[in-house]
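Residues or ranges marked as active site, proton donor/acceptor in TrEMBL: B:500. TrEMBL lists B:156-162, B:238-241, B:290-296 with the feature FAD binding site. The substrate binding site annotation in TrEMBL covers B:437. According to TrEMBL, the domain 'FAD-binding PCMH-type' annotation covers B:124-306. Residues or ranges marked as site 'Important for enzyme activity' by TrEMBL: B:341.
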C-alpha cells in the first residue's frame with residue numbers, strides 16, 4: 001500500500017479503504033494520490049492530455065475570446081454610452097476596456113498546467129496522506145461537461161482549493177476550468193502569472209460602480225460559458241471561510257453565469273456543487289490569528305516561499321465530493337415562466353427583475369446547502385465539538401464514549417462522517433489527537449487544549465493564547481454546525497421559551513433563525529420547514545415528542561437537548577455580548593473598522609476579569625455576522641457618508657435584543673438552562689413576542 | 001333531403017388523411033417508395049432512398065404496420081339533432097343542406113395529428129348536426145338570421161385545412177351545430193384591371209382562384225402551403241401568410257375590402273381604398289377572428305399581372321449559422337426574392353431522400369460530381385451543411401439581375417450555388433409533406449409541423465433550443481427512438497423571421513402516443529415563448545394554443561378582443577370557442 005511510510009495511528013485508513021463511509025447512499029471515494037505515489041510524476045505531468053470537452057465547442061485561443069468580448073454588442077454598447085456621456089472618443093474607452101481585459105483574462109497554456117500537475121503532485125504528496133474523490137461524481141461531471149456549459153461551485157476553506165479542481169480534472173482527462181480569482185493574486189510575482197496560465201482570470205474585489213468593468217467582466221465570463229470554452233469555476237462564498245463554516249453566498253458571479261440560460265442563449269447550464277473537506281486545514285492557525293485581529297499577510301511570493309516549512313507537517317486527508325450536476329433549466333422550470341428578457345434587446349445591460357434576483361439568491365443557497373450536505377466530517381470534528389463543551393480538561397475515556405455517542409447523533413442528522421466500519425473509537429480519537437497535536441493533547445489520561453505558550457506570560461497573553469486554541473478548535477466543531485443547526489435551534493428555543501407550546505417554540509426558533517441568518521446557511525423564506533425538519537430530527541433521535549400543539553423533551557432526550565444548545569451557546573452568548581457592547585458602549589454611528597476592535601477590547605477585558613468564558617466573541621467573523629444580522633433586523637441602520645459605511649444603532653431595540661437572549665452575565669460553564677429564573681423567563685417571552693411583532 | 005353540391009369535391013379527397021384520394025406514398029412490390037397519381041411532379045416516380053431514410057431516421061420498419069379503418073363506420077357517428085322548426089325554415093330558403101354522417105364527419109375536423117388519428121381509429125365526441133351550403137352572400141345572411149332565431153351554433157367551414165383544432169366542435173355545445181360550408185361561394189364576382197383588384201366570394205380555394213385569375217392574365221400571388229385546398233375566407237379568418245409574401249404581401253397586405261355577416265348584421269367599409277385613417281382598422285378585427293365573429297362572404301383582393309418569368313435556385317452553406325447570417329443580410333438589404341427559405345441539415349437530408357430515381361447514368365454521374373465538389377473540394381460536412389432554396393419571379397431581365405445580387409451576398413457567407421433542381425425539390429417538399437404524414441401513420445410514425453416568428457438576433461438560439469427541447473422531451477416521455485426534429489427559416493422580414501418546425505417520432509412501445517405527442521408539442525411551444533418567439537406566425541390559435549393567449553397579448557389585450565366578441569355576437573352564435 002502506498003502509505004506505508006506514514007504513522008501507525010493512521011494505518012487504519014489503509015486497511016479499510018473499501019468502505020469508509022457509514023452512510024450507504026454516498027458514493028465511494030478513490031485516493032488519487034495513491035497512483036501518484038506509485039508512478040512517475042513527470043510522466044504524469046507529460047501524459048497525453050486529450051480532455052473531454054463540450055459537444056458544441058469550436059476550439060479557440062484565449063486571445064480570440066478577448067477580442068470576441070471586445071467586439072461584442074454588449075461591450076460595444078457600453079463603450080458608446082460612456083463615450084457619449086463623458087464626451088470622449090470611443091477609442092479611448094475601447095483602449096481602457098482592452099486594458100481591463102488584459103488584466104483580467106486568463107491565458108491558459110498546457111505547459112503551465114503540466115508544471116502545476118508536476119509540482120502539485122509533489123506538494124500534495126508531501127502535505128496530505130490522501131486526496132480522495134468520489135469517482136461517480138467525476139463520471140457525472142464528465143457527462144455534464146459534454147452536454148451543456150458547466151459551472152463548478154466548490155466550497156472554499158483553503159488556498160489549496162484553488163488549483164485542486166484543475167488538478168483533479170487534469171487527472172481525469174476532463175476540460176480544465178477557468179477560475180475566478182481575486183485580483184490580489186496578481187500582486188504575487190511570477191505566481192500570479194503562473195496562475196493566469198493555469199486558467200485563472202482575475203476580478204477586482206469591488207466594481208459595482210464601474211460600468212465598463214462590469215460590462216467587460218460579465219461579457220468575458222458569459223462568452224466563455226456560452227461557447228462552452230471551459231467549465232467556469234468560482235467560489236460562491238467569495239472568499240475562504242476562516243471559520244470552516246460556510247459563508248453566506250455572493251450573488252454577482254452566479255447571476256452572470258445564470259444569465260445566458262435565462263436569456264436562452266444556451267439550452268441549459270449545469271451547476272455542480274463540490275464539497276472539499278480538509279481533515280486539517282493548512283491555514284488553521286493563520287485564520288485564528290486573523291479572526292483575533294492579527295492581519296492576514298498580503299499574498300506575496302516570498303510569503304509563499306516562507307510558508308514552505310509547513311511542508312514538513314502532516315495535514316491528513318482531503319475529501320472532494322463532486323455533487324450531482326444541477327440543471328439550471330430544471331431549477332427555473334415553473335418558476336421563471338414569464339419571459340423577462342423578451343422585450344429588451346438581450347445585449348443591453350439590464351438590472352435583473354426582483355423575480356430573477358430572488359431566483360439567483362435561492363439557487364445560491366441551494367448550492368451551498370448541497371455543498372454542506374456532502375462535506376465529509378472526520379472523527380476529529382466530533383472530538384472538537386465535545387472538547388469545547390468540556391474545557392479545560394476532559395477525561396480521555398469519557399471523551400471516547402461521548403465521541404461515539406455524537407457519531408450516532410451526527411449520522412441521524414444526516415452528517416457524512418468518515419469512519420470506517422471496523423475502526424474503534426479509541427483509535428479514531430487518538431489519530432485525531434495525533435494529527436491535531438497543535439490544538440489538543442493527551443496528558444495523564446486527560447485531554448487538554450494546547451493553550452499554554454510561554455509559562456509565565458501576562459494575563460492578556462494567556463487569554464490570547466487560549467483564544468487562539470479555542471478558535472482553532474472551534475474551526476473543527478464548526479464543520480458540524482450547519483448539519484446540526486435546525487435541531488439545535490429547536491433545542492435552544494425549547495430551553496429559552498421553557499414552554500411546550502409548539503407555537504411559542506416556533507416563534508423563538510424563527511427569531512433565532514433570523515438573528516443567525518448570516519451565521520448559518522438557511523434557505524430563504526422556509527422558516528417553518530426548517531423548524532419541522534429540526535423537530536423531525538429531534539424526534540428521530542428520541543430527544544423530543546411532539547403532538548399537534550406541543551413539543552416536550554423526553555426523559556432521555558434532555559441530554560441531547562442540553563448538548564445541542566450548549567453547542568450553539570458560544571453564538572448565543574457571543575451575540576449577546578456584541579449586542580450589549582453596541583447598546584451600552586456606542587452612542588453614535590460607527591464604522592466597521594471602529595466596531596471590531598471595540599468589541600474585541602470589550603470582550604477581552606471581560607475575559608481577563610473572568611466575567612465571561614465566551615472566547616469566540618473575539619472572532620471578527622462573529623462580530624461581522626452579528627452586525628449584518630442587526631442591519632437585517634433593523635436594529636442598526638446602514639448609512640453611506642463619503643465613501644465610508646456608517647452604522648447607526650437604535651439603542652432601545654438593541655437592548656431588547658440583548659435581553660432577548662436572556663442570559664445572565666457573567667456566564668459560567670453551567671449548563672445552559674441553569675441560568676434561568678422565572679422572572680427572566682417571563683420577560684424573555686414578552687420580549688421575543690414584542691420583537692416578533694416589530695419584525696412583522 | 002335536398003341533393004347537395006359538396007359531394008363532388010369531397011369525393012376527390014381522402015376522408016381520413018391529407019389531400020387527394022389518388023395521391024399518396026406507398027411502398028411498391030419491390031419495397032421501394034413511390035408516389036401515386038398524376039397530380040404532382042413526383043407522381044408515379046420511384047424514390048429509391050426514401051425507405052432507407054425512414055428506417056434510419058425513425059427506426060421504423062416496414063414489418064410493423066398499423067392500418068386505418070377502411071371507411072367510416074356510420075354507426076359510431078353521433079346522431080344529428082336538429083330542431084324540426086329550423087329545418088322547415090331552412091327548407092323555405094332553398095339552401096341545400098345535409099344531415100348525412102359522412103358529410104358531417106368530413107366537416108368536424110381540421111388536420112391536426114390528433115384529429116387524423118381519431119379518424120383512423122376512433123370517433124369525435126361532437127360533430128356538426130347539419131351541413132349547409134350557401135351559394136351567395138344573401139344565403140349566408142339568411143342562415144345567420146335563422147341561427148339567431150333558433151339559437152343555433154354556427155361553425156364556418158372553408159377548406160378544412162386548419163391545424164389549430166379550430167374546426168373541432170366544442171364537446172359541451174348543447175345547441176344544434178350548423179357547419180356552414182362556404183365551398184359553393186366560389187365565384188370571382190368582378191375584376192377591376194384599372195385598380196388591379198378583384199372581388200371574390202370567400203369560399204373559393206387557392207388553386208381555383210389562381211387558375212381563374214390566370215385566364216385573365218392575373219394572379220394574387222398568395223400561396224400558402226395549403227393553397228390547393230384552403231379558401232380565401234379561411235385565409236382572412238386566420239391571418240394567413242403565403243410563400244411569396246416578399247413580393248405580394250401577406251393576407252393583411254392583400255385585402256382591400258371584406259364583407260362579413262355577423263349576428264349583429266353586416267360589417268364592411270364604404271369604399272375600396274388602399275388605406276384609410278378612420279380609427280383602428282376594422283379589418284383587423286376580422287382577420288384572425290377564426291370564425292368567432294361571423295362569416296366572411298366576399299373579399300376584394302389585390303391582383304397582379306402573372307409574372308413573365310420564374311426561376312428556382314438554391315445555395316449550400318457550410319452550416320446553419322452562416323445560412324441564417326446570409327438570410328439576415330438579404331433581409332437587411334431588402335432584396336429577398338419571392339421566396340427564400342433556409343432548411344437545416346436534417347431537412348436537407350429529408351429533401352434528399354425524396355430524390356426520384358435518376359433517368360440516366362449521366363445525371364447520376366453529375367450528381368456524384370457535385371457531391372464530391374461540395375463535400376471534398378469545398379470541405380462541407382454533409383452532416384452539417386444546410387441549404388437555402390430560392391424562388392425568383394418577375395421580368396426575365398430583372399430576375400437574372402436579382403439572382404446575381406442574392407448569390408453575391410450568399411458567397412460572402414460561404415454559400416455555394418447548388419442549382420435550380422434542388423430549389424424546386426425543396427418547394428415540392430412543402431406540398432407533399434402532408435402526404436408523408438399519412439404514410440408515417442401507417443408505420444407507427446406520428447408527426448406535425450408548427451411555426452413561430454422571432455426577432456433576427458434570436459433565430460439561432462430559438463431553433464437550437466426548440467429542437468433540443470423536443471429531443472429531450474421525447475426521451476423523458478419514454479419515446480424509444482430518436483425523433484425527427486428539424487426546422488427551416490421560411491420567411492424573412494425586416495425585423496425577424498418565420499421559423500417552421502417539423503417534428504415526428506416512432507411511437508412503437510408507447511400506449512398513448514397522441515397524449516405523449518401533445519405533451520411534447522406543448523413543451524416545444526413553451527420553449528418557443530421562452531425564447532422570445534410568437535405564439536403563431538400564420539397557423540393561428542384555434543383551440544390548440546388558446547392557453548397562451550393571455551401571456552401573448554396581456555389581460556387588457558384579451559379584454560379588448562372579448563369586448564368585440566361580446567358586442568358582435570352576444571349569444572355566441574359563432575360558438576367554435578376559438579381564440580378567446
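Heads up, the Cβ atoms here are built off N, Cα and C, so glycines get one too.
Any TrEMBL annotation is an automated prediction that lacks curation.
Comparing the Cα of residue B:159 (FAD binding site) with the Cα of every entry in B:341, B:437, B:500, these being the recorded positions, the smallest distance points to B:437. When the recorded positions B:341, B:437 are scored by other C-beta atoms within 10 Å, B:341 scores highest. Among the recorded positions listed (B:341, B:437, B:500), B:500 has its Cα nearest to the Cα of residue B:240 (FAD binding site). Nearest to residue B:341 (site 'Important for enzyme activity') in space, judged by Cα atoms and limited to the recorded positions B:156, B:162, B:294, B:437, B:500, is B:500.
Counting only same-chain residues at least 6 apart in sequence, those with a Cβ under 8 Å from the Cβ of residue B:291 (FAD binding site) are B:155, B:156, B:166, B:237, B:574, B:576, B:578. The two recorded residues, residue B:294 (FAD binding site) and residue B:500 (active site, proton donor/acceptor), show a Cα separation of 30 Å. Here the C-alpha separation of residue B:437 (substrate binding site) and residue B:162 (FAD binding site) works out to 15 Å. Between the CA atoms of residue B:500 (active site, proton donor/acceptor) and residue B:162 (FAD binding site) there is a gap of 16 Å. Looking at the domain 'FAD-binding PCMH-type' (B:124-306) alone, the prediction's average pLDDT is 96. Neighbour count (other Cβ atoms within 10 Å of the Cβ, all protein chains): 29 for residue B:162 (FAD binding site). Per-site Cβ counts within 10 Å over the binding-site residues B:156, B:159, B:294 peak at B:156. Following the DSSP three-state reduction, the secondary structure of residue B:240 (FAD binding site) is coil. A 10 Å cutoff on Cβ-Cβ distances gives residue B:500 (active site, proton donor/acceptor) a total of 23 other Cβ atoms nearby, all chains included.
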